[in-house]
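Asker: Have a look at the structure that comes next, please.
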């Protein structure tokens, strides 16, 4: 029951978020009259901030307020931002007058007041999501008992179905809301998700008595800082050969506080110096083995986090340049209906939904019998598969864009910037592939950072997944600006212009494919040295034994059939 309340909230919240992000670049260019590079960067700056603030929300949750109250307070901030944003697009004094000039540079610029109101609303949303995003999925995962094999197997599927809820909300945003914004009005297009968000918060609060609540375990940053400082101070102290010589609290101390004791490992062995007893009992000179191991678990995920930035740069194109491509193509579907360019994101979502279901119900069910892994394949293998698909997306997008530019030149539309006699559906392959790739990377990344984080730092671990998206969007802005500037040097027109028919997005997409390939090679090196953390319970072993038993039973049945 409690899981249902959480899933319903996530559907409405993602509907609200996607209702803004999917069409934001068109609002900035058509309503606020910004250029392609400026608008694209403003979109990725905002999305980057949306996904960066969760690390602060995770800190507050883990250290002070707990996940539940951090989430509730953040929801109030989020809702206020949505209300202000709806006003910003509704009240005439808060937006520039309409302009239908072919070149946006000929349109009147938005005033300081208009920009201030609009961006204030957007960044209030960023503050709100900082407290909601890292905690809602963590609250959901907390509802399962790691020591119960039945609940453990449900937890292994939780993130797949959590992403299913997310994709369902995104689908509504990419279709219904985007259509309303383009054809009815932005006020209604933003008003509906505002009302939906208010409803989702009410649903979440209604489920409060049913949730399993976990208390804050103290500041994770302070814990890690203590371990690092103690290690540096004792850099000359040798590490004992036997782990039992290191400082550790009694098991009862952890049991009383509902925490878990972690055994010492040889990974990042240098940090074990923090637990070496030298006579001082200062908290900045002596840390327990468990505190050292918790720090190790967080630090060893950082190289993996770095490899996830570039794939998110590629994902960012589906919210910016891919949408701008769609505005140059024939969007007609029948006599009276034109497909909003941002609605192509619906194909990403539908593909995600189908892929997640097939992966969870077909692929995992069959492959786990042979890999003896309840997840089918490891989280990093799934992540790597998504990385490969993202490289393929950029190759396909580059080839498609080259074809689009050739058609523009053939019809003399390269200079006028007019609409091409090409259907918008030529962009479908890159959007569909994005859906498949995201079904791999989004789920694997979220589950990996949650699963590999220590029990007392789950919110911070979950925020790593969101920091990945933030880093990708900020990096996308940096790369786009750098490429635009460098390619204009020497009197050249540059690869990215307001008129896409004279731009060279094909070269830009090819460049991202090359960089993505280099990132994948780095990922392979990093994963070779990564060691998964030990499970806190034996439930995973129980599940593996069940898989092994079912495999043996199947083999015996097959053997008996052959004898007959």
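Every residue number used here counts from 1 along the chain in the order it is shown.
From the backbone N, Cα and C atoms, a Cβ is placed for every residue, glycine too.
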Asker: Looking at 15-33, 91-109, 110-128, which one is transmembrane segment according to TrEMBL?
Answerer: 110-128
Asker: At a C-beta cut-off of under 8 Å, are there same-chain residues at least 6 beyond the transmembrane segment (110-128) that contact it? List them, or none.
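Answerer: The answer is 17, 20, 32-33, 46, 49-50, 53, 74-82, 84-85, 87-89, 93-96.
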Asker: Mind checking which residues of the chain, 6+ beyond the ends of the transmembrane segment (460-487), have their Cβ under 8 Å from one of its Cβ atoms?
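Answerer: Result: 37, 40-41, 44-45, 47-52, 54-55, 57-59, 62, 133-135, 137-138, 220, 298, 301, 305, 308-313, 315-317, 320, 445-446, 448-454, 494-496, 504, 508, 511-512.
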Asker: Who are the long-range neighbours of the transmembrane segment (43-61) in its own chain, taking Cβ under 8 Å and residues 6 or more past its ends?
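Answerer: Those are 17, 21, 24-25, 28, 67, 70-71, 74, 122-123, 125-127, 129-135, 138, 216, 219-221, 316, 319-320, 459-460, 462-464, 466-474, 476-477, 480, in sequence order.
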